[in-house]
């Protein structure tokens, strides 16, 4: 089909938006593939005004809505020219070619355009990616801080438990030593005093004094 002809009358047709096409996929190829499911009224691949290259998506028009639904169910996820296609119902009709003539390249909204899901512009994609990255970073930071706080609380609880156990052991040891000292003092107080052994006094033999001569005379008389 020629790219310079005016668009056909697509009123009453059901449009399918086909995404993820390669640059070498042609309208004739798409027509041959989709005509297996019904009568195709038109195939349109938007192209860049300056490079004339495909934008990576196309629109396939069916005269019958049932044929379009069958084609969507069969071709969504199918592989064409090494790419996995994404096929969905288009929301709006095809814009005229005069829309992107004399005014430079078409707006970026037209790329996803009024034919189905509006494709996000690269700026929006970058913003969304940066936002998602910042959110993921903030989430990871919050998780890291939470884990840090949890580890700190755990270490604090462990240290407090250790100090408490040390205090308890110290108090137990001190109480045991006190009880031992008390028992020793009580046993000492209760035990009788030791009996001191007295050494026997050596009996000193008293020597009688020598008799006087007077006493000897009296005895003899």
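Cβ atoms are placed via backbone N, Cα and C, with glycine included.
For reference, Swiss-Prot has these:
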COMPBIAS  117-171  compositional bias 'Basic residues'
COMPBIAS  179-189  compositional bias 'Basic residues'
COMPBIAS  212-221  compositional bias 'Acidic residues'
DOMAIN    14-92  domain 'RRM'
MOD_RES   2  phosphoserine
MOD_RES   2  N-acetylserine
MOD_RES   22  phosphothreonine
MOD_RES   25  phosphothreonine
MOD_RES   26  phosphoserine
MOD_RES   52  N6-acetyllysine
MOD_RES   189  phosphoserine
MOD_RES   191  phosphoserine
MOD_RES   206  phosphoserine
MOD_RES   208  phosphoserine
MOD_RES   212  phosphoserine
MOD_RES   220  phosphoserine
REGION    92-221  region 'Disordered'
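Each of the modified residues 22, 25, 26, 52 was scored by how many other Cβ atoms lie within 10 Å of its Cβ, and the smallest score goes to 52. When the domain 'RRM' (14-92) is classified with DSSP, helix, strand and coil residues number 19 helix, 27 strand, 33 coil. For residue 25 (phosphothreonine) paired with residue 52 (N6-acetyllysine), the C-alpha to C-alpha distance reads 13 Å. For residue 26 (phosphoserine) paired with residue 52 (N6-acetyllysine), the C-alpha to C-alpha distance reads 12 Å.
Taking only the Cα positions, the spacing between the residue listed as 'N6-acetyllysine' and residue 22 (phosphothreonine) is 14 angstrom.
The average pLDDT computed for the domain 'RRM' (14-92) is 94.
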